[in-house]
Each structure stands twice: as C-alpha cells, then as structure tokens.
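Quick look at what Swiss-Prot annotates:
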type: TRANSIT; residues: 1-37; note: transit peptide
type: MOD_RES; residues: Arg38; note: N2-acetylarginine
type: BINDING; residues: Tyr57; note: chlorophyll b 1 binding site
type: BINDING; residues: Trp79, Ser85, Glu98, Arg218; note: chlorophyll a 1 binding site
type: TRANSMEM; residues: 99-119; note: transmembrane segment
type: BINDING; residues: His101; note: chlorophyll a 2 binding site
type: BINDING; residues: Arg103, Ile152, Leu181; note: chlorophyll b 2 binding site
type: BINDING; residues: Gln136, Leu146, Glu213; note: chlorophyll a 3 binding site
type: TRANSMEM; residues: 151-171; note: transmembrane segment
type: BINDING; residues: Ser156, Glu172; note: chlorophyll b 3 binding site
type: BINDING; residues: Gln164, Arg175; note: chlorophyll b 4 binding site
type: BINDING; residues: Gln164, Phe261; note: chlorophyll b 5 binding site
type: BINDING; residues: Lys212, Gln230; note: chlorophyll a 5 binding site
type: BINDING; residues: Asn216; note: chlorophyll a 4 binding site
type: TRANSMEM; residues: 219-239; note: transmembrane segment
type: BINDING; residues: His245, Ala254; note: chlorophyll a 6 binding site
Amino acid sequence: MATSAIEQSAFAGQTALKSQNELVRKIGSFNGGRATMRRTVKSAPQSIWYGEDRPKYLGPFSEQTPSYLTGEFPGDYGWDTAGLSADPETFARNRELEVIHCRWAMLGALGCVFPEILSKNGVKFGEAVWFKAGSQIFSEGGLDYLGNPNLIHAQSILAVWASQVVLMGLIEGYRVGGGPLGEGLDKIYPGGAFDPLGLADDPEAFAELKVKEIKNGRLAMFSMFGFFVQAIVTGKGPIENLFDHVADPVANNAWAYATNFVPGK
C-alpha cells in the first residue's frame, strides 16, 4: 500500500509539472509565434533605500507618506505634496522623465566644470567657460570643437541648431516610439548591450546603483540651475567662482552677490 501511494504521488507530481511546462510553453509562444518568455516576478531589494522602512524626506519627523509611495522605486522618500504621483501612468512617465533629465544634468554639469579644470591646469582648447564657448561661433573664425579646426568647424548658428533638432528629434522619436534595437528591454534601465561593464548583473548592487544615480542626478539638476544663476549674476564659470569664494569667502558668496546684483550690468 505504501509503495502504491508513493507511485501515485510521483505520477501526480509529474503530471502537474508537465501541465505547468505546457502552460509556460504556450504563453512563451503566444507573442506572434515567438518564444519570448520574460521573467515577471521580481524579488524586493533588500537595500535600506527600499520598502516601508526606507529613509523619509524629513527623517523621523516625516508625516504619513501617501499610500501610492510604497518604496518600490529608487529615490522614493515618501514626499509628494502636490500629488504628482497619484496616477500610476503619470507616475511611470514622470519617473522616466526624471531619470533622463538626471542623466543629461550629470553630463551637462561635467561639461560645465571639466573644461575649466583643464584650462586651470594649462590645457588650451579654446574658450573654457561653458556659457561663453558657444558664442565663438559668431566670431570671424567660427567655432572649432575642442579648439581643433580638424574636427567640427562651425560657422552658422542656424546650421548647428537645425542639426541638433534633427539628430535629437530622431533619437527621441526612436526612444518614444520604440524599435528593434531596444525591443524587449526596459525603457529606463535597458541593460544588455547598454551595460557593457555588467554593473546590473547583481540585482542587489543594481538596486543600490539606481538609488545613487537618482540622488546624484537630482543634485546635478540643482547644480545646473546654480550654474545658470552664477553665469547671470557673476559672469564667471563655476570653477572661477569657487576659486574666488575660497580666496575671499566674505566678499564672494551668494548673499554678497544677491544684495549687490543689478540686472543688465
């Protein structure tokens, strides 16, 4: 009797496993006759930056967080006073836009400070101050990218503007509309060929990197805003402003410039 029970149990297990495999096979081949199965079950990251016990925007003094901010996504500190994330579709779109703007801001901030740093260390490649570099196109000799006439030599602002509109329009159109290059990949974190260093191979490390990216990206967006204000108020680049402040903190600070700033001068 015991042997019979064991055999029946084994047969039932094999039958269930066969049925499960058959279901997976059918689902996998449903998409246009192609086996395109994807893993949809995700384990929650064990990082302190996720979940209900994650750090909040005011620490222990934070108010009750909205029910739709569960700590599932990176950079969620439970703060949404305006209710911008209440609608799931709007929330998903805003998350994508924020990550994209974060990446552009980090590249832009680096592009604002790096030429000045090189210039301070004796490397000459044209105008180093970021908001003055583009104005060289109006000079008689035009604008040489990286100060090298053998690279891109621009003399028409309209041609540069049109080229950027076309190139960025094509890229953004492809990103929004989709195409074979990114088919089946996550729109924000595609991985694969877009992760040649394999930084996303470890799920827990990848979850931490997402948080670091969004935090540094938000800081970069604020930095870019500060660079814009500095350019208007002081007429200098961020590195030169930093050197001036270190040399004389009393005379060169935000309060001193704000109280003495006269628009148009």
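Using the three backbone atoms N, Cα and C, a Cβ is placed for every residue, glycine included.
Spacing of Ala254 (chlorophyll a 6 binding site) relative to Glu172 (chlorophyll b 3 binding site) is 37 Å (Cα to Cα, whole number). In this structure the C-alpha atoms belonging to Gln136 (chlorophyll a 3 binding site) and the residue listed as 'chlorophyll a 4 binding site' are separated by 31 Å. Sequence-distant contacts (6 or more apart, same chain, Cβ under 8 Å) of Arg218 (chlorophyll a 1 binding site) comprise Gly75, Cys102. Between the alpha carbons (Cα) of Lys212 (chlorophyll a 5 binding site) and Arg103 (chlorophyll b 2 binding site) lies a span of roughly 12 Å. Here chlorophyll a 1 is bound by Trp79, Ser85, Glu98, Arg218 per the record. The longest Cα to Cα distance in that group is 17 Å. Cα separation, Trp79 (chlorophyll a 1 binding site) to Tyr57 (chlorophyll b 1 binding site), rounded: 6 Å. Comparing CA positions across the binding-site residues Ser85, Glu213, Phe261, the one lying closest to Arg103 (chlorophyll b 2 binding site) turns out to be Glu213. The distance from the Cα of Glu172 (chlorophyll b 3 binding site) to the Cα of Gln164 (chlorophyll b 4 binding site) comes to 12 Å. Arg175 (chlorophyll b 4 binding site): 14 other CB atoms within 10 A of its CB, across all protein chains.
Considering only the binding-site residues His101, Leu181, Glu213, Phe261 (chlorophyll b 5 binding site) has His101 as its nearest partner by CA-CA distance. If you check the binding-site residues Ser85, His101, Leu146, Glu213, Gln230, His245 against Ile152 (chlorophyll b 2 binding site), the ones with a Cα inside 10 Å of its Cα are Leu146. A separation of roughly 40 Å, to the nearest angstrom, links the Cα atoms of Leu181 (chlorophyll b 2 binding site) and Gln230 (chlorophyll a 5 binding site).
In the three-state DSSP reading, Phe261 (chlorophyll b 5 binding site) counts as coil.
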